[in-house]
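Database features, via TrEMBL:
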TRANSMEM  A:20-42  transmembrane segment
TRANSMEM  A:75-92  transmembrane segment
TRANSMEM  A:104-123  transmembrane segment
TRANSMEM  A:129-150  transmembrane segment
TRANSMEM  A:162-184  transmembrane segment
TRANSMEM  A:213-233  transmembrane segment
TRANSMEM  A:253-276  transmembrane segment
TRANSMEM  A:288-313  transmembrane segment
TRANSMEM  A:319-337  transmembrane segment
Amino acid sequence: MNEQEELKEVKKTVRPIRGVIILTGGSLLLLLSLMLAVSLGAADIQLKTVWQAIFQFDPDLQQHQIIREIRFPRILGAAIVGSCFAVSGALMQGMTRNPLADSGLLGLNAGAVFMLACCFAFFPDLPYLYMILFSFLGAALGAGIVYGVGSLSKNGLTPIRLVLAGAAVSALLGALSEGIALYYEIGQDLAFWYAGGISGTSWNHLQIITPWLLLALAVAMTLSHSITLLSLGEEVAVGLGTKTGRVKLTASIIIVILAGLAVSVVGAVSFVGLIVPHIVRWFMGYDYRWIIPGTIIYGALLVVLADLAARIISPPHEMPIGALIALLGVPFFLYLARKGGGMV
Amino acid sequence: MKTIEVNKIDVGYANELIIKNLSISIPSNKITTIIGPNGCGKSTLIKTIARILNVKGGAVFLEGEEIHKVDTKEIAKRMAILPQTAEAPGGLTVYELISYGRFPYKKGMGSLRKEDYEYINWAVDVTGLTEVQNRAISALSGGQRQRVWIAMALAQGTDTLVLDEPTTYLDLAHQLDILLLLERLNKEEGRTIIMVLHDLNHASRFSHYMIAMRDGEVVTDGTPEEVMTCANLQQVFQIDAHLARCPHSANPICLSYQLCQAEKASACCSINSASKAYHQTASG
């Protein structure tokens, strides 16, 4: 009896404590992997030099230059991209109760790439700030078409059906992007967007992205409780007084912004938004007030590590990180699909 | 005193109205049950009362205020709903899910206050879930899961509970268990309960007030005694019912039934000798 009561006490408090531990642990891991990522690569740099490059910057040293101008933006870019994809995936999964939701699988990424291709073809000198806006628009377009195609089917939108629609629409938009690239001879510009690569990220990009990112993440956090309720089902959420229409609209805008941002940096990388929320849920439970911060950290961690791996597997060549993440993502997807797409 | 007034509502999907110009009042502190055949609009009606569906015309009033116009969070403090197919993520614990019932009272990201914990603990207690409160919902039986949802609705601390087929998919004992719980909440706490039930005998045994629907219209409403008549059941369900008295509530129940055939109709319409025989065996 006593034992039982003790057990209850422990369990009631276990989630928040566990959550804090997992968030702190994740932050430390992320910090560690960021440092590793800065020091390892085509040119190995000692951690001490990294330290100096931050705090005692000497513009004459080539290594300091590499660190400041190439590695830092690239690695921060990787972290940002990871958070963006992961949070957009978590929001989609929670809001639509679709365990297979991911910006890559549901056509948002392909849509964003398509719009970027159009940018390159028709407005080649467009500043990055405006390209991002087109990227948002593209993500919205992709999602719109996928949901449109999906809801044409008579038996309604099931997760698998949406993924199928996503694959078809992505293939179509991909082909169109490639056609545009060929016709306007912009294949070089677009190449890294297909495969996924962060090597081109500059401070300038990060400066433009960061305000969007912070805004989107802040809104995602404020929505998190309502997303939890939506994950219980629309009717339950209404019964509890959630303004479901408003929440869904806001969340959709945030999802499009996050996916669009990430694609504008790294290209159409799938599966980050699929994998990370599932793993975070496994550890932290089903409350999106924990899941959202968890996906911010672990999404960043995954992509930073993937980018690191991409650089050190066969230097000086770089693997496309999209392919590396797919190595994890495809088996994970098959596992989830086999499980019957259990509840989110 | 009426809790809910439904005033000439039109409800429907796309261009097709399911309910046209329907008006009904639902009494306070009573158990009201809506019955009717499949597709009669009873689910549509209860979803409209619960503001899950919007009205195309007319209005629903909760304690005098128009339910689709007042802030939905305010409504959630006065009326809790349990949808027909509530399904939670399996990994959620019982306590966590029940705690979401306090959402209408929270501001921003605010965590639970003392009062919230009191409501949650009371809801856990009154639904008999203390033993399993830290289990994952996926580890519970269907009957227990339904209790969890009811507990969540109770944690909302509302005077009115709206339930759409709370006993569907449960076995006989668990159905009764849920209904006895609702009856207790009504008797001991005076909560207004509005629900859709498929089982006529349960409806008759547990309700103070019944609404029988067919083709999107209210055919008849009143006490179980008034609604559970052969003529009404024939009109609503197109069945020839053999009625008897429930040994527990003394309300009419349907002992057995035949599909209606026009020429044979009303041959058996009364609480007939069969029920007397039944009573004798029941009491003897």
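Backbone N, Cα and C define each Cβ position, glycine as well.
Same-chain residues lying 6+ beyond the ends of the transmembrane segment (A:162-184) with a Cβ under 8 Å from its Cβ atoms: 98, 100-101, 104-107, 109-111, 113-114, 116-118, 120-121, 142, 145-147, 149-150, 190, 194, 268, 337. Contact counts against the transmembrane segment (A:75-92), taken as Cβ pairs under 8 Å, peak for A:288-313 among the stretches A:104-123, A:213-233, A:288-313, A:319-337. Under 8 Å from some Cβ of the transmembrane segment (A:288-313) lie the Cβ atoms of residues 15, 19, 22-23, 26-27, 29-30, 33-34, 36-37, 40-42, 74-75, 78-87, 89-91, 94, 197-198, 217, 220-221, 224-225, 227-228, 231, 266, 269, 272-273, 275-277, 279-281, 319-321, 324-325, all in the same chain and six or more residues away from its ends.
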